[in-house]
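Trainee: Per Swiss-Prot, active site, proton donor/acceptor is recorded for 118. Look at Swiss-Prot and you will find 144 tagged as active site, schiff-base intermediate with substrate, backed by sequence analysis. According to Swiss-Prot, the 3-dehydroquinate binding site annotation covers 33, 34, 35, 63, 181, 200, 204, on the basis of sequence analysis.
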């Protein structure tokens with residue numbers, strides 16, 4: 001299975017992050033998303049040391065409130081923490097809505113980068129999503145879009161997007177779009193997101209269930 005299953009780790013303290021990371025690894029995660037914005041006092045945490053201590057593939061994310069995150073500091077502080085994480089994380093995720101200069105600073109420092117777009121209100125048209133993805137890939141290695149469907153047809157737009165674009169993570173959120181987190185693997189998505197009971201986005205399924213369902217659906221080599 002080429003699609004990596006990523007489990008987000010969203011905790012208030014560094015020890016809790018380390019503990020949850022261990023449980024996610026034991027549960028079968030291929031990669032972890034460390035949500036810096038979940039930390040109560042991220043400025044007091046040595047982000048580099050935290051990621052190195054975990055010793056497992058990591059996506060470092062410091063999600064802005066505009067796109068569903070919880071970071072309460074300034075934008076400058078948010079970017080500085082991402083820059084610190086970029087030195088040791090396998091991937092760094094930065095939002096397309098960030099200032100272009102900040103995106104270029106972060107992606108330029110990262111080993112590999114994800115430029116992401118989140119829309120919790122609706123699913124833009126396929127044409128609009130294609131423009132978003134191509135813009136994201138001009139600056140990052142992987143584009144990520146996560147959008148909210150109003151009907152089943154909206155969920156199909158997300159899968160259709162994956163037929164046009166490689167190096168793209170595309171997610172239809174919520175209960176309606178839950179199946180796309182599994183189906184995306186059939187369309188070549190490099191990463192899909194699962195949880196350990198407490199998801200960080202609507203529609204995330206348990207990591208074990210996600211792996212089994214992808215295994216059942218993927219054709220034999």
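Backbone N, Cα and C define each Cβ position, glycine as well.
Help me see these features in their spatial surroundings.
Mentor: Within the same chain, residues at least six positions away from residue 118 (active site, proton donor/acceptor) with a Cβ under 8 Å of its Cβ are 67, 68, 95, 145, 146, 147. When secondary structure is read from DSSP and collapsed to three states, residue 118 (active site, proton donor/acceptor) falls in the strand class.
Listed in sequence order, 93, 114, 115, 116, 117, 136, 168, 169, 170, 171, 191 are the same-chain residues at least 6 apart in sequence whose CB falls under 8 Å from the CB of residue 144 (active site, schiff-base intermediate with substrate). Taken residue by residue with DSSP, residue 144 (active site, schiff-base intermediate with substrate) is part of a strand.
For residue 181 (3-dehydroquinate binding site), the number of other Cβ atoms no farther than 10 Å from its own Cβ, over all displayed protein chains, is 24. Classification of residue 181 (3-dehydroquinate binding site) by DSSP places it within a helix.
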